[in-house]
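Only one structure is covered here, and it is reproduced in the block below.
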Amino acid sequence: MSSQIIPVEPFDYVVFGGTGDLAERKLLPALYHRQMEGQFTEPTRIIGASRASLSHDEYRRFASDALKEHLKSGEFNEAEVEKFTSRLYYVSVDAKSEQGWDDLKKLLEEGKDRTRAFYLAVGPAIFSDISEKIRDHKLITRNTRIVVEKPIGRDLASATELNDTIGKVFREEQIFRIDHYLGKETVQNLMALRFANALYEPLWNSAHIDHVQITVSEAVGLENRAGYYDKAGALRDMVQNHILQLLCFVAMEAPTSMDAEAVRDEKLKVLRALKPITASNVEQVTVRGQYRAGASSGGPVKGYLEELEGGVSNTETFVAIKAEISNWRWAGVPFYLRTGKRMAGRMSEIVITFKQIPHSIFDQSAGRISANQLMIRLQPNEGVKQSLMIKDPGPGGMRLRNVPLDMSFAEAFAVRNADAYERLLLDVIRNNQTLFVRRDEVEAAWQWIDPILKAWEATGQQVQGYTAGTWGPSQSIALIERDGRTWNDAI
């Protein structure tokens, strides 16, 4: 927890897309919280950059309004907001022309000895333009980093091209490919659980684990992202990045240290060990779904096609996959992955189910003995839960009950749980890449995803309908139940 209050050296953060949705909802509130925790030192500055024509004061009012809308109750402090907005500046720039770049250079010259970070909170179509403008206007110092948001391509070829483009301007050690899921406290606690406790690691293998489930479900629909989402789909949007990164943290071998390269080397080995899914088995191990009209958050909602202009699409809003890792530790242990929109609730969790005891010494009257589970909850309510079998209290003989040992971070620690972006934004300034994705990881993930996309196309695998507000199509239930297992659906 000490990292929350260790100040960082003064820096300049330039946010391209500084008036966009990500900046408004996530980046500005995250930076505000870090100031409130006392981590900023003077003369730290945050510089918004976009095509909109705004003055410094107009941008400060924009930021104040954004904080008022997106901070939780009690977090908006007038004095603190005024202090925060006083360090905000704005430059109107155009990625496609010379407009504003000399103004940005002049502003940055005032802090030429500080750490400098460029955050590309914009679409990947202009990553190249912005990178080249940064280079051409000589804005790169020895302490410069660049932060890149997903999507990193839509297939291996485009990801490689995008990485090449950015790599012509910035060295790999300067590039921070952000996946906000990796900034969640629970993901880092997974490392602590595995490698700081003698209890779990000896059991963390195919001899003791029956299967692993990773679920990332959303209750929302398109939310004004129809143009992007219908070209991407759930596999590209969620599995290629968030879910495969979570899988890596579950399955990786112990790194030699917490050094960024050591951790990412082990994650890369997992990605390269994923068993290929091709046209020969894609229909047996994957399910594509698309939500229909139903109910969500207590009210009726439209189906995907009704939300979509044109009303015709075979894009999946849900995907379930039975993945396998071909290595010594995980051979024979299925990893069931699923993600989707308009599901029964917003939930991200990892469930490790251990194998059943080899022999029961108890009479049938004791009841069914359930397999032990370790549940790692990322959202909502980050925490860790371990299920155990114990004797039911009372004199009525030996009756067994499955009970949870439940640790909620919010209840266990008397501090505010920092948002993922708060941690990651300052890790960029600290030059700590442990929770960021390396180029070869991105490309290895696409090397596994691409054949699935091609297999769907080759086999003509269609999306299966599911009612909004449910856990997905019935075929996804069959995917796991034919192996004698069930999804963990509790929220």
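Using the three backbone atoms N, Cα and C, a Cβ is placed for every residue, glycine included.
Feature annotation from Swiss-Prot assigns NADP(+) binding site to Arg51, Lys150; the stated evidence is sequence analysis. Residues or ranges marked as substrate binding site by Swiss-Prot: His180, Lys184, Glu218, Asp237, Lys341. Annotation source Swiss-Prot lists active site, proton acceptor at His242.
Between the farthest pair of Cα atoms in the substrate binding residues (His180, Lys184, Glu218, Asp237, Lys341), the distance is 21 Å. Among the binding-site residues Glu218, Asp237, the residue whose Cβ has the fewest other Cβ atoms within 10 Å is Glu218.
In this structure, of the recorded positions Arg51, Lys150, His180, His242, Lys341, the smallest number of CB atoms within 10 A of the CB marks Arg51. Across the structure, His180 (substrate binding site) and Arg51 (NADP(+) binding site) are spaced 26 Å apart at their Cα atoms.
Cα spacing between Asp237 (substrate binding site) and Lys150 (NADP(+) binding site): 9 Å, rounded to the nearest whole number. Residue environment of Lys184 (substrate binding site) contains 24 other Cβ atoms, counted within 10 Å of its Cβ in all protein chains. When the Cα of Lys341 (substrate binding site) is compared against those of the recorded positions Arg51, Lys150, His242, the shortest separation belongs to His242.
The shortest Cα-Cα distance between Glu218 (substrate binding site) and any of the recorded positions Arg51, Lys150, His242 is the one to His242. For the recorded site, His180 (substrate binding site), the DSSP three-state label reads helix.
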